[in-house]
Amino acid sequence: MSGYFDSISPLTFDPDSEGLAFRHYDPDQMVMGKRMEDQLRFAVAYWHSFGWEGGDPFGGRTFERPWFPADTMELAIMRADAAFDFFRILGVPFFCFHDHDVRPEGDSLAVSRDRLNRIADIFAEKMANGGPRLLWGTANLFTNRRYMAGAATNPDPDVFAYAAATVRDCLEVTHRLDGENYVLWGGREGYETLLNTDPGQELDHMGRFLSLVVEHKHKIGFKGAILLEPKPQEPTKHQYDYDVATVYGFLKRYGLENEVKLNIEQGHAILAGHSFEHELAMANALGIFGSVDMNRNDYQSGWDTDQFPNNVPEIALAYYEILKAGGFASGGTNFDARLRRQSLDPVDLVAAHAGAMDVCARGLKVAAAMLEDDKLEAARRARYAGWQRPEAQAMLGAGSSLESIADKAMAQGLDPQPVSGRQEILENLVNRYV
Ligand code: XLS
Ligand code: NI
Ligand code: NI
């Protein structure tokens, strides 16, 4: 017990509450054949909630937490105590962490690994005593200055090797803690200027690195999924893992499309000029949907603001795509989100997550209702109905050619007539559920 959250009791589902409670998130409510908790699979992100100090480019720490700056193991343990107290207040089933969030880095790889293992022992005990499970672990390959020019894509092979050692250790700790996934977000895998960069070589290094990680996963018997997290910009101007489609091309090129899935973040989708649901639908279409980071960006500011979700219609469309993909398998809903820097108090952190969980619960219920009613899907099926005809199917089959299709079209004197896409009618339909 850290004492930090002592003034706050565990939250319950209480729609009539005037205080801190869930008004929509009822873990036991059944939604499309599963408990809501098992559909949403919420996770708290250790870094934003227990590591981030409230700084921005114009000013430093605004939050006063007793474990800051967490540069000793004693403080790291105090932070772990507070984190697990917090998880219990929310009743979340999962959490996520980077090595860098949970232990101070040592002055050698060996010391860093030893510290990570010591914290993992503490986590294991807390997890066994009713704490949440691990949705995913990951390595921070972007904060230390050694990574300023990338990790796997660094021009210095020693940095590649250092990153390999770091990921080996994090993957093994994730495995030991029964993590359901292991995430690689491409931190500084990208570049600032072509004048000093060989992108072809860097992509090959990144492909090799990922293959090594996948190989090691199998070697140690880790059953979780390896997830890549696309992001188009920030911190480097040109991030290689731009968006879902780009990452799919990368995976294909290095033969990893059946080994790796994606962790899709709403804010990153927005930065890429896409909607969240676009990225989710693309991942589902390409067979690489894995998990989500449920944090939005500001639509105007153009950087990764990591805000808690608060827009139900948006989140409903996201869960609609997730449910269409069959729901989460190993993935879940991770709040890779942080408070605004003026939100100083423990209660702010609790309320931010409670509100976000309610927004997701509402979104999920809306999505399930739309899917169960089948009106949207019926309209979509009707739109593609022509493809049910045998002649249409034949065009897609092996026996057809451009010539045979063309000759037939000419012989039939085809003159296709446009049909309404019914966008506004469909938007109105969605609005009836929200
Ligand atoms: C940064 C990413 C990061 C990953 C984990 O923008 O969202 O937080 O989720 O490394
Ligand atoms: Ni993220
Ligand atoms: Ni992000």
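Note that Cβ sites are derived from N, Cα and C of the backbone, with glycine treated the same way.
Those TrEMBL annotations? Automatic predictions, nothing curated.
As recorded in TrEMBL, the features of this protein are as follows:
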type: ACT_SITE; residues: His98; note: active site
type: ACT_SITE; residues: Asp101; note: active site
type: BINDING; residues: Glu229, Glu265, Asp293, Asp336; note: Mg(2+) 1 binding site
type: BINDING; residues: Glu265, His268, Asp304, Asp306; note: Mg(2+) 2 binding site
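Positions of the features from TrEMBL, shown on the structure.
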{"residue": "His98", "record": "active site", "DSSP (3 states)": "strand"}
{"residue": "Glu229", "record": "Mg(2+) 1 binding site", "DSSP (3 states)": "strand"}
{"residue": "Glu265", "record": "Mg(2+) 1 binding site", "DSSP (3 states)": "strand"}
{"residue": "Asp293", "record": "Mg(2+) 1 binding site", "DSSP (3 states)": "strand"}
{"residue": "Asp304", "record": "Mg(2+) 2 binding site", "DSSP (3 states)": "coil"}
{"residue": "Asp336", "record": "Mg(2+) 1 binding site", "DSSP (3 states)": "coil"}
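Highlighted in sequence order, Trp185, Lys231, Asn263, Ile264, Gln266, Gly267, His268, Val292, Asn295, Asn334 have their Cβ within 8 Å of the centre of the Cβ atoms of Glu229, Glu265, Asp293, Asp336, the residues recorded for Mg(2+) 1, and are not part of that set. Cβ atoms within 8 Å of the centroid of the Cβ atoms of Glu265, His268, Asp304, Asp306 (the Mg(2+) 2 site) belong to the same-chain residues Lys231, Gln266, Gly267, Ile270, Leu271, Asp293, Asn295, Asn297, Thr305, Asp336, site residues excluded.
Looking only at the recorded positions His98, Asp101, His268, Asp304, Asp306, the one with its C-alpha closest to Glu229 (Mg(2+) 1 binding site) is His268.
Every protein chain considered, the tally of other Cβ atoms within 10 Å of the Cβ of Glu229 (Mg(2+) 1 binding site) stands at 23. For the recorded positions given as His98, His268, the lowest number of other CB atoms within 10 Å of the residue's CB is seen at His98.
In terms of Cα spacing, the recorded positions His98, Asp101, His268, Asp304 that come within 10 Å of Asp293 (Mg(2+) 1 binding site) are His268. Checking the recorded positions His98, Asp101, Glu229, Glu265, Asp304 for a CB within less than 6 Å of any atom of ligand 3 leaves Glu265, Asp304, listed in sequence order.
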